[in-house]
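Trainee: Take a look at what TrEMBL says about it:
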type	residues	note
BINDING	85-90, 137-140, 172-181, 207	FMN binding site
BINDING	297, 533, 594, 595, 600, 601, 602, 603, 604, 637	NADP(+) binding site
BINDING	453, 454, 455, 456, 471, 472, 473, 477, 487, 488, 489, 490, 675	FAD binding site
DOMAIN	79-223	domain 'Flavodoxin-like'
DOMAIN	278-519	domain 'FAD-binding FR-type'
TRANSMEM	21-42	transmembrane segment
């Protein structure tokens, strides 16, 4: 039937006898499958037996690095002197106290609280006749120093039982600051609250007066009290005791010698972030210009390039720079002492258990030590004079040096007049005492470390993310002896030109964070008071307020009070400030030219002249007040001006006005970045 006839198109095609059994495609697929099968058979992951884990025999972790109790027991020490130090002075005092201990038949060690577990303080009573001494400096607005911050937090947050712990505190501060010796006072009070026993009264050192004299006077009374408390007597051993021994290197590879690095060897050649106080960044100087148009002083603006460093900063932060000493002073010291300054040496701690192996990076040369590591321009402290006295061949020189190191009224007066008031540094002392020729290694052991210098950053990272600006005045003055003393850092910076004989001039630097900050709300008005180089952070603040405006943000009133001597000489950043005022970024620019008229006019006078506006901004509009500059006179006078405005326009008594300003400080609405 027709309908049952198969359709030829659906019939399977009969194979031609000449065609191969497998097509090329079949062969390809077969080869691929075979290959994959072989690969699987050869390279397949074999089932791995589960290993039998045995408990590892691990050594008990050592606490040598963080346990000051274990270290004291191991080395037979019974006095530990902790220091909170920002500029090295508290550390220096701590070392002196630790060294004193041997004169009373005791053994002391200086300790950085940052390096130890301070929770172990409660164990101190395990050591017989033990004592903890705290040399605590105050920094900023009553804050602890960087290395004491964790210890300070532990005291605040902890509730340790310090029963049986005996202690005393010496505080270092400056009376011109609002929070004079706040950290030392707090540590003293808090230790007692936690049950520790104070064996001698809190010592108060004032750097605005004579910090060295304050320390020596306190120390002279402190040690007899220790003797009485512990029933010990002075051994009478007043001889100098060396802490380090000299090793001279004659065949050391030059690649193993420090040439100015602060931490890691060759860190200046091979820079690696993060950058901090022990690992500063070498920032190229891109701008170095004189700011003032006339006058005897030299005010300067520098710009440091931080491109590629990963360094971040905010307006109000400080830049720390590490300067070097004048080569002329270094060479003169070498000449007087008759030494080859290029001798490669190490000063090694005689106490092998000490964390501080050397007084500065070693091995190095005397030249590098005197240039990069040691403070040779400040007047030496009394302990240095005492230690060096033994090398004076003239009995009169020896007697006077020892007298200056004593606590007698005559000795104090002699030190005050001959050393401090005459601004004699170690070179001047060597020049004026021809019989004094100490071994240079002992001199290097006694000299304090050269410290970083801090400058308020005069730029905003919003506008200049890869650049940090500095505003500074070069320090230079004649002393009573007729010598010209020059500020170490400012004279060094003055000579840092962007290109020096074809080489880029660089500055070792890092950032120190600050609490000096613009208000969180940009709508808050700001009142900035900064005469002279105190204008530095406010240039950054104004730049940032301008940037915020460009971003479309509402920005409150921005008011500046600046002061200088003469309009035509030292009106710093005049063009920039007038442009900011013209464009409305700066609401009001008030400038006091102190010497352009018969009667001197300062920023505090301008404040009082605009008292109604100032009071409205503070009392009604929630303004934030910022003061930067001299702490001794300007900051105090400005604060008194605010008291007077609060009294007159707020109807307050002086006591109420003082409380009012203190409340502004507590709320973060009255901030100071001041120095003395």
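Backbone N, Cα and C define each Cβ position, glycine as well.
TrEMBL labels come from automatic prediction, so no person has curated them.
Burial and contacts for the listed features, if you can.
Mentor: For residue 594 (NADP(+) binding site), the same-chain residues lying six or more positions away in sequence with a CB closer than 8 A to its CB are 563, 564, 565, 600, 601, 602.
For the domain 'Flavodoxin-like' (79-223), DSSP puts the residue distribution at 65 helix, 35 strand, 45 coil.
Per-residue pLDDT, averaged over the domain 'FAD-binding FR-type' (278-519), rounds to 96.
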Trainee: So how far apart do the FAD binders 453, 454, 455, 456, 471, 472, 473, 477, 487, 488, 489, 490, 675 get, largest Cα to Cα in Å?
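Mentor: That value is 23 Å for the farthest Cα pair.
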Trainee: Name the one residue among 297, 453, 471, 487 whose Cα is closest in three-dimensional space to that of residue 177 (FMN binding site); these are the binding-site residues.
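Mentor: So, spelling it out, the nearest of the binding-site residues is 453.
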Trainee: Here are the binding-site residues: 137, 471, 473. Which has the lowest count of other Cβ atoms within 10 Å?
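Mentor: Each of the binding-site residues 137, 471, 473 was scored by Cβ atoms within 10 Å; lowest is 473.
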Trainee: Does anything in the same chain, at least 6 positions from residue 489 (FAD binding site), have a Cβ under 8 Å from its Cβ, and if so what?
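Mentor: Sequence-distant Cβ neighbours: 321, 323, 453, 472.
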Trainee: Please state how far apart, in Å and to a whole number, the two most distant Cα atoms are among 297, 533, 594, 595, 600, 601, 602, 603, 604, 637, the recorded NADP(+)-binding residues.
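Mentor: Across 297, 533, 594, 595, 600, 601, 602, 603, 604, 637, the widest Cα separation comes out at 24 Å.
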Trainee: Which residues in the same chain, at least 6 apart in sequence, have a Cβ under 8 Å from the Cβ of residue 675 (FAD binding site)?
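Mentor: In sequence order, 629, 630, 631 meet the Cβ cut-off.
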